[in-house]
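Structure, as structure tokens:
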Amino acid sequence: MIKIPKIGFVSLGCPKNLVDSERIITKLKAEGYDLVDSYDNADMVIVNTCGFLNSAIDESLEVIGEAIAENGKVLVTGCLGNKADLIKEKHSEVLSITGPQDYENLIEAVHTHAPIFVNDFVSLVPPQGIKLTPRHYSYLKISEGCNNTCTFCIIPDIRGKLKSRSIDNIMKEAEKLKNAGVKELLVISQDTSAYGVDIKYKSGIWNDKEYQSNILDLATALGDLDMWTRLHYVYPYPHVDKIVPLMAQGKILPYLDVPLQHSSPEVLKRMKRPAHTQKTLDRINKWRDICPDITIRSTFIVGFPGETEADFEHLLDFAEKAQLDRVGCFKYSEVEGAKANQFDNLISEEVKQQRLDEFMGLQAQISADKLQRFVGTEQQVIIDVINKDENYAIGRTKYDAPEVDGQVIIGDALERNLKVGEFATVEITESTEYDLIAD
């Protein structure tokens, strides 16, 4: 009897890395490998690493060590794979190291260390591939790499320059996901609004219609699928204004994830980010004029080298004026290889924490005030979790992305016959700083 090798798999890092993991697992399943969820049952373990922040590097190295201790046969891939010397220094027992999207060499290493002799299993893989997210939503990665030169970031060094997929290729995947039961698409890349620049917006055919490989045509085509479509990592370029009418028309969700990072022109210049604060505020107001329903999410960094008290006050003032709906904030930390590491005037950890607390305290109040408007209204939600023991469900409105935004806590889930992955209409009875409650 032929023994089918069993592969353990650990996926670390961001949603883009999760998509890479899905592609690797799909390839392994197509060749007949079994995927298992524990180290001790596996013949070998693959760790798909993150190598962006120092904390992510530490986590990746720790997980690699755990896999070696528990299993002994470990392959490493992903962003940290670009630092093979570091991995070998810490864990010389690692069998193979490959970088991000280096699927061919990773699979070759799997063949070497866990050979398989039965490889006609393509029919066992669903058309949409293997997904690691819940069945009802999926990340849709439209490009790799980035052409920006932000001083705090090393993504171009890790993943290379922008490499966009053709629009017809993306739409074929999106259609497969819909046919598989996916109801929400989360469009991701390093810079979604730059999609297609590198391939000169080349045209493609989908459903007998010609589209250009640009973000407007892509959003238009995705809107025709009649799914929840959510755009992430969108820089506030002028052409984004053309997408917002699609949100007002209900074609795609009224949601934009715009990573602004700061508001102070001086800080933004040091970050090598767009530094036109008033233009950004004007653009946000324009979006709200076009689509009053729009939810704008952003992320910020406090404590960047050289950030003065005046710079931080500028950020607080911007938060008051912008009234953003969803906000995340991080203390600046060095990333090995980033240009910002050479900057002077470092901010102490104590000051970073104080600024983080003050900024998020302000944003919590803004969020609480904005969520109050939902009390007494009916909202459509998609159900993510059912807790049968305590008889409640967790869902999300169209204004909230999974994992990073707020939730709707719904009582009497069993009596309502709520089901994970299905839509329901609920009445909002309370709101908190970040979440809504429905009875």
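Residue 1 is the first one shown; counting continues down the chain.
A Cβ is built for glycine as well, from the same backbone N, Cα and C atoms used for every other residue.
Per Swiss-Prot, these features apply:
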type	residues	note
DOMAIN	5-115	domain 'MTTase N-terminal'
BINDING	Cys14, Cys50, Cys79	[4Fe-4S] cluster 1 binding site
DOMAIN	132-369	domain 'Radical SAM core'
BINDING	Cys146, Cys150, Cys153	[4Fe-4S] cluster 2 binding site
DOMAIN	372-439	domain 'TRAM'
Q. Which residue counts does DSSP give the domain 'MTTase N-terminal' (5-115) for helix, strand and coil?
A. 55 helix, 22 strand, 34 coil
Q. To test your reading of the [4Fe-4S] cluster 1 site: which residues beyond Cys14, Cys50, Cys79, same chain only, put their Cβ within 8 Å of the Cβ centroid of those residues?
A. Leu12, Gly13, Lys16, Asn17, Thr49, Gly51, Phe52, Ala56, Gly78, Leu80, Pro100, Ile158
Q) Residues near the [4Fe-4S] cluster 2 site, Cys146, Cys150, Cys153 excluded, by Cβ within 8 Å of the Cβ center? A) Asn148, Thr149, Phe152, Ile154, Ile155, Pro156, Gln190
Q) Which of the binding-site residues Cys146, Cys150, Cys153 has its Cα nearest to the Cα of Cys50 ([4Fe-4S] cluster 1 binding site)? A) Cys153
Q.
Say we define neighbours as other CB atoms within 10 Å of the CB. Which of the binding-site residues Cys146, Cys150, Cys153 has the fewest?
A. Cys150
Q: Run through the Cβ atoms and count how many others sit within 10 Å of the one on Cys79 ([4Fe-4S] cluster 1 binding site).
A: 28
Q | Distance, Cys14 ([4Fe-4S] cluster 1 binding site) to Cys146 ([4Fe-4S] cluster 2 binding site) (CA atoms, angstrom) | A | 15
Q: Express the predicted model's confidence over the domain 'MTTase N-terminal' (5-115) as a mean pLDDT, rounded to an integer.
A: 91
Q | Nonlocal neighbours by CB distance (under 8 Å) for Cys14 ([4Fe-4S] cluster 1 binding site), same chain, sequence gap 6 or more | A | Cys50, Phe52
(Q) What's the number of neighbouring CB atoms sitting within 10 A of the CB on Cys50 ([4Fe-4S] cluster 1 binding site)? (A) 22
(Q) What whole-number Å value do you get for the CA-CA distance of Cys150 ([4Fe-4S] cluster 2 binding site) and Cys79 ([4Fe-4S] cluster 1 binding site)? (A) 18
